[in-house]
Amino acid sequence: MGLLAYLLVVLLILNVFFAAVTVFLERRDTSATWAWLLVLTFVPIFGFIIYLIFGRKLSGKKIFDWKGQEKIGIQESTANQIEMIRQKEFPFSDSNVKKHRDLIYLLLVNDGAILTQDNEVELFIDGHEKFDALIADIEKAKDHIHLIYYIFHSDELGNRLMRVLERKAAEGLNVKIIYDAMGSRTTKKSFFRTFEKNGGLVRPFFPSKLPLINFRLNYRNHRKLAIIDGDISYIGGFNIGDEYLGLSKKFGYWRDTHLRVHGKAVYAMQTRFIMDWNSASSTNKIDYKPRYFPTFHGKGHTSMQIVSSGPDSEWQQIKNGYIKMINAAKKTIYLQSPYFIPDASLLEAIKIAALSGVDVRVMIPNKPDHAFVYRATTNYAGELMETGAKIFIYDNGFIHAKTLVVDGEIASVGTANMDFRSFRLNFEVNAFIYEKKMVQKLEDAFLEDILKSYQLTPELYAKRSLWIKFKEAVSRLLSPIL
């Protein structure tokens with residue numbers, strides 16, 4: 001045996017040994033473990049490099065600092081709500097909110113998600129309307145503007161927004177931007193130069209610490225939040241880019257869901273931004289000052305909780321909320337997600353609901369955003385049809401909304417897709433809503449989307465080619481790590 005062949009054998013043995021040790025020592029889902037073992041076995045050496053970049057769990061080092069929240073009474077308010085609900089003394093605003101106190105309690109205990117009941121909420125399903133409203137609110141800002149977006153493109157929409165932010169920073173307002181280093185990888189730092197020169201501050205989330213190498217590449221901040229003067233906020237699925245206005249030739253019309261909130265729920269989104277900023281920035285840390293949490297009384301009646309989740313937590317708070325909602329369903333479950341790759345627990349919950357006679361409708365796109373992810377999505381959809389669930393293919397552009405509406409009584413809107421990545425790898429944020437009027441608007445939007453969709457029937461699904469079936473099988477196998 002030549003020296004080169006000998007070294008290759010040694011490398012292969014070491015690859016298998018270290019790969020197995022590394023994968024099994026890290027606490028993770030069994031399906032993800034098997035998926036990584038397949039990659040490491042069939043793509044030796046290079047597969048281990050892929051694993052080091054994409055597969056390693058985050059270190060045990062604390063990512064977010066909770067210190068300072070006692071100044072505005074967050075922990076005290078959370079503890080008080082937990083105790084009052086436990087003692088059945090909490091003053092729920094109406095019978096529908098009270099009916100779902102188990103879900104509210106779960107999210108309180110799991111995530112510290114305080115229930116607020118004074119919110120005015122406006123629904124946006126069109127990018128033009130959402131960004132017109134956001135920019136109008138930014139124009140009226142008097143004290144501060146906080147933005148966090150997974151994608152912040154330097155295209156026409158990005159420039160339009162940036163010009164306003166530059167002007168507000170020059171006026172002396174406190175303006176801060178967080179963008180995800182991977183999601184906004186095509187946006188050059190020079191795009192923010194004038195903004196920073198005018199006094200604005202910008203930070204990338206989880207940037208590479210080494211040239212061309214980022215061992216945290218797989219963990220992305222997928223949140224989309226805007227907080228203006230501490231009393232108005234935006235949460236939902238729209239990123240900043242021309243494609244979100246329907247200007248992409250590939251995707252066409254972009255259908256998404258976003259909320260504008262005025263009420264105490266803004267405090268929770270402000271807290272989320274501060275924690276993310278202080279994690280992303282080594283300087284110019286934000287303290288929990290009264291200016292960021294102004295005293296006001298919301299005039300709305302929408303009860304909601306703001307729930308965050310991410311790889312820094314073992315609890316998968318948003319997914320647990322989804323499962324609790326699905327298990328509570330008696331009549332209808334309407335679900336929209338561009339990526340439908342549920343883990344075993346979520347898939348089982350949806351199947352049981354469908355088999356129990358609940359009208360389960362799942363809406364997915366008619367075109368791939370990511371090829372492997374799309375084929376995994378259609379494979380899971382095919383399996384779900386066997387239980388009587390109805391699958392609808394949105395045929396009026398691209399559906400990017402992440403919404404779950406149950407029984408016309410409760411709903412969730414936010415950034416989390418129905419997939420492994422959103423539940424285990426990404427930092428996400430969702431609003432859980434308990435007011436019937438707002439939930440009805442979301443249900444109406446879903447039913448309107450059905451008119452622009454076609455149903456994927458078992459007969460239609462059976463006609464897919466052998467090549468498509470093969471791609472689905474491979475994608476399904478790798479779905480835990482996509």
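Glycine too: its Cβ is placed from the backbone N, Cα and C atoms.
For reference, Swiss-Prot has these:
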type	residues	note
TRANSMEM	4-24	transmembrane segment
TRANSMEM	34-54	transmembrane segment
DOMAIN	217-244	domain 'PLD phosphodiesterase 1'
ACT_SITE	His222	active site
ACT_SITE	Lys224	active site
ACT_SITE	Asp229	active site
DOMAIN	395-422	domain 'PLD phosphodiesterase 2'
ACT_SITE	His400	active site
ACT_SITE	Lys402	active site
ACT_SITE	Asp407	active site
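Feature map: annotations from Swiss-Prot on the structure.
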residue : record      : contacts (Cβ under 8 Å, 6+ apart)
His222  : active site : Tyr150, Asp180, Gly183, Thr415, Ala416, Ser422, Asn426, Phe427, Glu428
Lys224  : active site : Ile148, Tyr149, Tyr150, Tyr234, Ile235, Gly236, Gly237, Phe238, Asn239, His258, Thr415
Asp229  : active site : Ala141, Lys142, Asp143, His144, Ile145, Pro294
His400  : active site : Gly237, Phe238, Trp254, Arg255, Asp256, Pro338, Pro365
Lys402  : active site : Gly237, Thr257, Gln336, Ser337, Pro338, Val413, Gly414, Thr415, Ala416, Asn417, Met418, Asn430
Asp407  : active site : Ala328, Ala329, Lys330, Lys331, Thr332
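Over the domain 'PLD phosphodiesterase 1' (217-244), the average per-residue pLDDT in this prediction is 95.
Among residues of the same chain six or more beyond the domain 'PLD phosphodiesterase 2' (395-422), those with a C-beta under 8 A of the stretch's C-beta atoms are 29, 32, 96, 99-100, 103, 125, 150, 222-224, 235-238, 246, 251-259, 307, 309, 318-319, 321-322, 325-326, 328-343, 346, 363-367, 369, 373, 428-434, 436, 438-440, 442-443, 445-446, 449, 452-454, 479-482.
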